[in-house]
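S.K.: According to TrEMBL, the record shows the following:
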TRANSMEM  20-53  transmembrane segment
TRANSMEM  65-86  transmembrane segment
TRANSMEM  92-111  transmembrane segment
TRANSMEM  123-143  transmembrane segment
TRANSMEM  163-191  transmembrane segment
TRANSMEM  203-231  transmembrane segment
DOMAIN    207-360  domain 'O-antigen ligase-related'
TRANSMEM  237-255  transmembrane segment
TRANSMEM  347-371  transmembrane segment
TRANSMEM  378-397  transmembrane segment
Amino acid sequence: MEIVGKIRRAMASPWDASHILALAALVAPGIGMLAPLGMAPLFIATVLGILLLEWRQRLWTAFPRFLGLILCMICGWAGLTALWAVDPARSLLAAAQLALNTLGGVILIGAAKRLRSQAAAKVGAALMIGIVLGMGLFVIGLVSGRRLEALLRAMQNRDLLPYYWVSIQVFNRGVCVTALAALPAMALLWVERRQRQLAATGIPVVTMMIISKALAAKVLLGIELAALALFRKPSRLLGITVGAFLAALVVFIPLGTRMLPPPQVSANWAFVPYSSHHRLTIWGFVTDRIFERPVLGWGMDSARAIPGGEDDEIVYFEFRHGSDGSSRAEVAEQHLPLHPHNAVLQWWLELGGVGALLFAVLLARLGWLAVGPRQSPAMAVCGGALLVGACVVSSVSFGFWQSWWQCTMWFLAAWATALAPLLSPSQMRDE
């Protein structure tokens, strides 16, 4: 009831950027759960709403200058790669889209940094309610519409596994979005010592991540638990270590994927799930193309047009049937469908070593800002988990340039920034 009261009082006050950010926080988890692609229109509406209310404030000036410089260099280099891209028009369009998303994100962060503590509380309260609504939609979605038919049919056949796989898979993106968005909200409950509400929010979120079919969600759970253990004492050394670790991954991941064996060899690895094997085939093909153009890359968003990307790799899998023996199945795995499903490999493939180096510098700086000595324990756990979690999800799941995912990451950064004064009581922003 206390949270609902905050929302009511907030709606009664004159509208400003905090109301727009709070409204976005209220509806984003639900949109992310049911229609993740809708995060992009929500992002556009949020940025335009903030500009409409705060157009005189020059919000972009509140954004960290060094980060702004690196982001400008990345956008500029992405546009420049159109000169040698496989599809120059596509590269220019993607670079322009990246620049616009980045500009919108800068405005979003600028607005969040200017929020006073009371205004930040509005955003925190809205985000908590949004998380609860998002999880409610997750439950409703599992037992509604055609999924209800699938459940009843599965119960009749006394086999719930087909229903589980069919129904749960459609929420993969939404589960990842909600799990990440829950981090700032749960960190705030932790700081405010509201253990009951923290448990009431955290337990359903963890349960949702465990039962989800998304591998990224399960990895996220491990990251959040590790962040709670490793990032509770922010320091200069920790900031340097995390930043250096993330930057090193950008450098060494292509070297690691270059050592992957042929797809047929890895198909015999019992520890690799059948559903995940296609990733290995994609990464092996992408790595070969990276080393053909290691410095300049193939051009922004050229993954869709890489020569040979539409070809198939025929792989044979052995499927065991209990004590009845096994069967051999032939599976065609496309070399590169749409994108590499790994952000680091996508940076190297499309932007080359130059672009990858820029992203390495960006991640090193973000690591310092997330868990460096200026952060409180709660903010370090929240920021570190968000940063590492977003990196991991980007490295196993979504295309990094996809607008909905770019907008989601900017939203997460904005909400964490808005709640920073509440997560760091010694750094409260004056009213």
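First residue shown is number 1, and so on along the chain.
Glycine is no exception: its Cβ is also placed from the backbone N, Cα and C atoms.
Keep in mind that TrEMBL annotations are predicted by a computer and have not been checked by a curator.
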S.K.: Near the transmembrane segment (347-371), which same-chain residues lie under 8 Å Cβ to Cβ, leaving out any that are not at least 6 residues past its ends?
M.R.: 64, 66-67, 70-71, 73-74, 77-78, 81, 231, 234-235, 238-247, 250-251, 254, 286, 289-290, 293-303, 306, 340, 380, 383-384, 386-387, 391, 400
S.K.: Would you call the transmembrane segment (20-53) and the transmembrane segment (92-111) in contact, using three or more Cβ pairs under 8 Å, pairs 6 or more apart in sequence?
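M.R.: The answer is yes, given that the two segments have at least 3 Cβ pairs within the 8 Å cut-off.
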S.K.: Across the domain 'O-antigen ligase-related' (207-360), what is the average pLDDT of the model, as a whole number?
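M.R.: Mean pLDDT, the domain 'O-antigen ligase-related' (207-360): 83.
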S.K.: So, does the transmembrane segment (203-231) come close enough to the transmembrane segment (123-143) to give 3+ Cβ pairs below 8 Å, pairs being at least 6 apart in sequence?
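M.R.: Yes, since the transmembrane segment (123-143) and the transmembrane segment (203-231) share at least 3 Cβ pairs closer than 8 Å, they count as touching.
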